[in-house]
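A.B. asks: Pasting in a structure now, in structure tokens, and then I'll have a few things to ask.
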Amino acid sequence: MLIRTPSSWELPESAVTPEALYRQRSRRDFLRTLGLGAAALTLGSRSVLAATAGFPDQQNPAYNGTGLKPTPYNLVTSYNNFYEFGLNKDDPKDNANRGWNTDAWTLELAGLVRSPQKIDVNALVRQLGLEQRVYRHRCVEAWSMVVPWDGFPLAKLIALADPLPTAKYVKFTTFYDPSAAVGQRSNSLDWPYVEGLRLDEAMHPLAFIATGIYGKPLPNQNGAPLRLVVPWKYGFKGIKSIVKIELTKREPRNTWNVMAPSEYGFYANVNPTVDHPRWSQASERIIGGGIFSGRQPTLMFNGYEKEVAPLYKDLNLRVNF
Amino acid sequence: MTAFARLLRSKTFVWIVLILPGLWPAWPLFVRQDSSALADPLKFILHHLGFVACLLLVTVLTFSPLRVLFPRSPVVQALNRHRRLVGVSAFVYAALHFTTHLLYEGGAHPANLPGIFRNVLDKPFQLTGLIALTILLLLAVTSLHAAVRWLGGRRWKNLHRLAYVAAALIAYHQAAARKIFPVQVLWIFIPLVVLELLRLWKTHRPRPAPAAARP
């Protein structure tokens, strides 16, 4: 295409993750060998120890997104909806990298659980390990990307907290810090951003917590140090920079649903047959496709129908959009 | 000021000022290779063309109130020489914006056109845009001298007051296209509203009674 300049980071699809070197020497081994303090001293970089600096242990072959062409790294990290840092797609890259520090980060697990806890995100990554998955990413604004995420299944994280039988939903909350997040100084949305999943959705093997992309730390604009990835739902469900995960009995509200209930539902499953009042959801623009790429048809549940359709067999998707 | 007014009187200068915004997307796309613009270049162009069309329509609508408020200003007089040119260029940018929309939605496949138009009718923010474009088309066509003669001055003037309707529709179109109300709509339209209110105030204020009427 006339405007794209291929760069060194534009790896072929086959090269996205399985870099033999990293596979042989996993991040865990790396840390074990060097020892944490030694690593910090030797490499002299704080970010090496940050959870987001983890190299993928290995690509999970069950989720390697056969036939998907990953969106170039520079586009994934420059075209972001992260209203905490501005309303335009290029705002977060600027505004989230002006002194907002995500290196030290504590995640709280709370609510209807047997072991409520506060975990340092570095410790969490060491405990759960990392894997890479190539997922489709479909925004409610009818554009899509393919992202190689590094992280761990959400189910593993929830299992740490040990939910009580009364827990039916999971509520996620992001940070609230208007001094660092310029967007939180206005009332464009009801801050802090919150999201929710049904517990069975959260425990689904596809539901994922990402701490990196392309084997690199999650950039601030993509929701460092950890964010939710639910590939069969619209992108706004993928809450960024999570500080709290709570198990609840009742369905939690989610920020966009509070903002405009007629436009954004709780479920937000990708569904080409149910239009948004502003956009048709039947097809999508491919980010990085260039001027004449046209659109591609949107797939039911964003192409994950086989895996997730059973979750919704008793649900009217037109009403519960 | 007079030097600037002289420059503004020049048709060539105004043509250049009107064409440059259309070329602007080449800068981020080809020269700076800005990633966020390259992510979906067509969307970038689509929004840019709509933005320029909207700015030009609002600009040309300020010419009349400015003339009422500052009748002796050489700059305002110079601007009012270009009403038709600026107005028609607002239409041209709006038409390019709509063409880009067709390409954006349909990817240049004529088979997709019926679906695109069905969507336009279905989505209020798109429909208001299309109605505004239709108004601008009507005004652009009747901007020819022959049309003025054919319609007669009064009818022509009334017809061209539809430009205000188009502006209102576009304010809605722009605001409703976003998930969150875009503040730029206020920046663009409030100056126009203020100027129109000042014009109303000036044309309708009570005049001082003539001296002869005093007892």
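Note: Cβ is positioned from N, Cα and C throughout, glycine not excepted.
Feature annotation from TrEMBL assigns transmembrane segment to B:12-30, B:45-64, B:85-104, B:124-147, B:159-175, B:181-198. Residues or ranges marked as domain 'Ferric oxidoreductase' by TrEMBL: B:49-170.
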A.B. asks: Just to be sure I understand, if DSSP states are collapsed into helix, strand and coil, how many residues of the domain 'Ferric oxidoreductase' (B:49-170) fall in each?
C.D. replies: 107 helix, 0 strand, 15 coil
A.B. asks: By a Cβ-Cβ criterion of under 8 Å, what residues six or more beyond either terminus of the transmembrane segment (B:12-30) are in contact with it?
C.D. replies: 37-38, 41, 44-45, 48-49, 52, 55-56, 82, 85-86, 89, 93, 96
A.B. asks: Six or more residues out from either end of the transmembrane segment (B:159-175), which same-chain residues have a Cβ under 8 Å from its Cβ atoms?
C.D. replies: 50, 53-54, 57-58, 60-61, 87, 125-126, 128-129, 131-132, 135-136, 138-139, 142, 151, 181-182, 184-185, 188-189, 192
A.B. asks: Find the average pLDDT over the domain 'Ferric oxidoreductase' (B:49-170) in the predicted model and report it.
C.D. replies: 94
